[in-house]
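J.: Below you will find the structure I want to go over with you.
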Amino acid sequence: LLYMFIILQLMQHSWLVSPLTLDPAKLLEEFPRWLEKLSARHQGSIIIIIDSIDQIQQAEKHMKWLIDPLPVNVRVIVSVNVETCPQAWRLWPTLHLDPLNSKDVKSLISAECNSANVKLTKEQEKKLERHCRSATTCNALYVTLLGKTIACVGNTGNIDETLQQCFQCQDTVSLYRLVLRSIQESLQSDKEKGLLREILCVIGVSHNGVSESELMELYPELSSAVLASLVHSLHKMCLLTYGCGLLKFQHLQAWEMARLEYMEEGENVVSAYRQKLVEYFTMQLRILILICFSFNSRDRVTWRSADELPWLFQQQGDKQKLHKCLLNLFVSQNLYKRGHFAELLSYWQLVGKDKSSMAAEYFDSLKEYEKSCEGEESMICLADLYETLGRFLKDLGLLSQAVAPLQRSLEIRETALDPDHPRVAQSLHQLAGVYVQWKKFGNAEQLYKQALEISENAYGAEHPRVARELDALATLYQKQNKYEQAEQLRKKSFKIRQKAARRKGSLCGFALLRQRALQLEELTLGKDTPDNARTLNELGVLYYLQNNLETAELFLKRSLEMRERVLGPDHPDCAQSLNNLAALYNEKKHYDKAEELYEKALDIRRRALAPDHPSLAYTVKHLAVLYKRMGKLDKAVPLYELAVEIRQKSFGPKHPSVATALVNLAVLYCQMKKQIEALPLYERALKI
């Protein structure tokens, strides 16, 4: 699992080297060679940091690649305990972290006491100095905790008595137990003491901690005032801390203390608390799915349910429930998209599935889920799931299996959204990436060019998204030894990024906000220029993607008016603005307005562009879909036929995009009860 984690972390920064096997037996043997390949293709240094490496069982055997000469640009930093460091590693360049000396101890304790206006006598200081000399009592955590304990007693308590109790604690866990008892004694009722136990236990058995709101839902009798008071005490004494809004143990020793204090009775106690969390997060998952199906929301699973439930099932050893949980497509999507790839794989390994079985089960689940999808929102969500599956399979090295879900995602987005919607470009980009790794460069080039065209239409020619597609194409040409073409695209991309960086500026805070306000004012009230018109169009598209349609309409209208004044009403840039504004009206279901604008855009592009130009194809498809939606099927037919013709000229007669266009035309014929005309189109598409 450690090797897998290192590989996945490295691959997040470089996809130039194909993934490794997931077979643990072969992984040990192949990893050094894989690292050599990666270092040869990676520009710059690779630094791998592994903490507490000596805690790995048989570390010397499993990490023997560390002893072999590493690639020139690879460095490895490891931390070990002096007592358990393997002999072969002791010859490496080493930085020793020495224990605290008496001066450091005195300084740390004095700082804590001074914060509470507590003054120690010389005799008390000497006792503390003598006590903090062993390996377990001179570490920073122990000394800090000791200082906080003395400071809490303050001038009102008996410091000598407290010191005597502390001196009986010969390690950090024992001192934490003393701290916990002092907190328990400060509580007013048995009920509060019981709640303290519940809070620490439920946090202790969780994966990443528990939020305050979750605690109050788990324990309805827990008031916000009591919770705030308990959390304050636990946080002040270094037991708990916050991370990503969750309460968790501040140190491993604090967790160990809670286990010894409350869960030492046996595994049954731990299982009971884990089951409580399982029931809670399972219920949250059901509620979320019910709510989201009612409101057509795409956020069906929160990151909390996805993080906790599979891990809890894993800890319980319940493979059946873990398997069922992993086949919840939204749980797996949530984990994968947030970078928990290694964790997801470890769960699948626990249920005994190899990567091919895992891929097949996900695909079957997705096809089953597709049967229940109705409406545009559900289909867009389905496209996201297909894309996630495709990317996941690509990361696993299953390139041939990754194509089908990515292609399906593309088809859904082309149908459910506008064909030149930025998400369609995203699908094209992902699919092209698979073909690049598969060394099918011709397919990849066509897809990257389509993605580039859509991005230019949606955002304008000087947007960072366009630079991304140019970089992808440049990398592709470089792999084919087309260095001149690659260099031209890289230069173009560099200029776009450079210009974007200048626009972004190096200012910060109020100065940057003021600059942006002035830019917006200039856009709204200032001179008519092609650059200002392009920026207004980009802002309109941005608000459109954020579903802020009213603001988007204002910017897109202003962009169109400015372009018509500066460039003339027949310029292709005006067609872009018309297209975007029509898409917005289509979204708002103002179909008559959308029809008028699409027809104008089509007229301009027909006169200005080549017959097989992709921009013309997108407008044709837009208007055809709109006619179909409005029930004007006779007007839609010639446009659907033209879409097939354009795609054939652009990509060749056997390209998947041609198949999609053929199916669209066949569906239209079926709606018109012309099954005889539809059948050969379906057959041809299925052959492709």
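One is the number of the first residue shown, and numbering goes on along the chain from there.
Positions of Cβ are set from backbone N, Cα and C atoms, glycine also.
Take a look at what TrEMBL says about it:
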type	residues	note
DOMAIN	103-262	domain 'Nephrocystin 3 helical'
DOMAIN	295-523	domain 'Nephrocystin-3 TPR-repeats region'
REPEAT	425-458	repeat 'TPR'
REPEAT	533-566	repeat 'TPR'
REPEAT	575-608	repeat 'TPR'
REPEAT	617-650	repeat 'TPR'
SIGNAL	1-16	signal peptide
J.: Restricting to the same chain and to residues at least six past its boundaries, which positions have a Cβ under 8 Å from a Cβ of the repeat 'TPR' (575-608)?
T.: 418, 420-421, 457-458, 460, 533, 537, 540-541, 544, 549, 552-553, 556-557, 559-560, 563, 569, 615-616, 618-620, 622-623, 626-627, 629-630
J.: Let me spell it out: take the repeat 'TPR' (617-650), skip the flanking residues so only those 6+ beyond its ends count, and list any with a Cβ under 8 Å from a Cβ in it.
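T.: Distal contacts: 414, 418-420, 453-454, 457, 575, 579, 582-583, 586, 591, 594-595, 598-599, 601-602, 605, 611, 657-658, 661-662, 664-665, 668-669, 671-672.
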J.: Mean pLDDT across the domain 'Nephrocystin 3 helical' (103-262), rounded to an integer, is what?
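T.: Mean model confidence (pLDDT) across the domain 'Nephrocystin 3 helical' (103-262) is 91.
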J.: In the repeat 'TPR' (575-608), how many residues does DSSP assign to helix, to strand and to coil?
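T.: Going through the repeat 'TPR' (575-608) residue by residue, I get 31 helix, 0 strand, 3 coil.
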